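Reviewing the structure listed below.
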Amino acid sequence: MADLSLDELIRKRGTAAKGRLSVRPGIGGVRSRVGIQHSLVNQPARTATFQQRFDARQKIGLSDARLKLGVKDAREKLLQKDARFRIKGKVQDAREMLNSRKQQGTVPQKPRQVADAREKISLKRRSPAAFTSPPIGTVTPALKLTKTIQVPQQKAMVPLHAHPAGMRINVVNNHQAKQNLYDLDEDDDIVVPVPPKQMKFAATGSLVHHMTGLSSSKLSMSKALPLTKVVQNDAYTAPVLPSSVRTKALTSMSRTLVNKEEPPKELPPAEPVLSPLEGTKMTVNNLHPRVTEEDIVELFCVCGALKRARLVHPGVAEVVFVKKDDAITAYKKYNNRCLDGQPMKCNLHMNGNVITSDQPILLRLSDSPSVKKESELPRRGNPASSNPPAEVDPDTVLRALFKSSGASVTTQPTEFKIKL
């Protein structure tokens with residue numbers, strides 16, 4: 001193609017456009033028909049160049065609307081929303097759930113740095129606001145005991161150290177959110193001879209009153225601080241207060257029911273009365289031999305806090321939940337659910353009853369309050385005692401059944417008339 005000026009190119013394209021507008025014969029004059037013939041003669045070369053430059057297929061291929069919008073095939077959507085996959089996902093084997101949870105839990109977590117309380121106290125002492133003379137007895141933070149039932153006094157763990165002249169006692173204010181340590185002055189130190197070996201020290205008697213007086217006068221507090229019993233770390237034992245309260249309640253209950261005073265020796269054993277500290281136990285049977293204790297812990301810790309979980313022997317596991325509701329949810333979730341291809345048979349031990357895997361309806365019956373069962377326990381234990389059972393009066397039975405007394409029955413005989 002020879003070099004053409006811009007004017008000639010515009011002129012040629014204009015004549016080609018005029019020829020396209022007047023395609024129909026018989027319309028227009030001689031010029032239009034001559035223009036058509038002239039354009040038809042020169043048409044093949046132009047159409048070739050037009051197809052090379054402006055091919056409609058190339059434009060459609062480059063700017064396809066489906067490619068821009070990212071439209072997916074309908075079959076892929078159907079596969080994603082298929083109900084069969086949803087059903088399979090809900091009833092999947094528990095082993096698949098464990099494996100997926102392990103893959104998610106492989107992200108490394110930064111270990112928490114647990115600082116010792118003694119280091120914190122030493123940092124406080126080094127600050128300029130602290131006292132110049134370091135105190136001899138140090139106080140650790142008050143422990144949060146989760147396994148006690150409303151103990152009136154809270155235990156504080158204080159290690160005691162020997163001192164030739166005396167010892168310094170720190171008072172812990174448990175009523176404030178942040179524990180403040182108050183040191184008494186050296187003039188008011190209580191001199192107690194302490195041997196070089198550590199010993200148990202209990203603040204009782206006049207020492208308690210003296211300590212409350214010192215705390216109210218020196219620390220100028222509106223209310224006397226509760227003094228706690230100071231024991232050694234290794235010698236700490238849980239209080240036995242709740243069991244005694246429970247036995248007292250049972251004795252009073254049995255006396256009101258029987259109207260007879262019974263010695264506490266004849267009470268039924270306290271084993272069926274389950275305290276909330278014991279937790280709710282659930283046994284899992286029909287397990288695959290390759291199921292380990294870690295699998296049991298990982299499987300049931302999702303439902304709630306576990307008190308303990310162990311594998312009794314291959315095929316049988318025992319799980320104890322802290323809360324009763326968590327045990328019920330775990331029973332509903334995992335009962336008759338497959339683990340490694342075998343359905344788990346869960347037995348729930350609640351309030352002395354055992355709900356097996358074939359009796360899920362007993363969950364509703366066992367949700368009744370346990371106070372009724374506690375009141376029924378002495379009633380069951382009374383016939384087993386040495387007292388003979390009370391004699392039943394037949395008149396009372398007749399009154400209850402027929403709403404009439406025995407005397408009326410004897411005085412008024414029944415007449416029968418028989419017709420033959």
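Yeah, the Cβs are placed from backbone N, Cα and C, and that goes for glycine too.
Looking up Ser127, Ser133 in Swiss-Prot shows the phosphoserine annotation sitting on Ser127. Looking at 14-35, 168-189, 256-277, the stretch flagged in Swiss-Prot as region 'Disordered' turns out to be 256-277. In terms of DSSP helix, strand and coil, the domain 'RRM' (280-351) has 19 helix, 30 strand, 23 coil.
Put plainly, the recorded positions Ser5, Lys417 were compared by Cβ crowding within 10 Å, and the winner is Ser5. Reported as a whole number, the C-alpha separation between Ser5 (phosphoserine) and Lys417 (SUMO2 cross-link) equals 142 Å.
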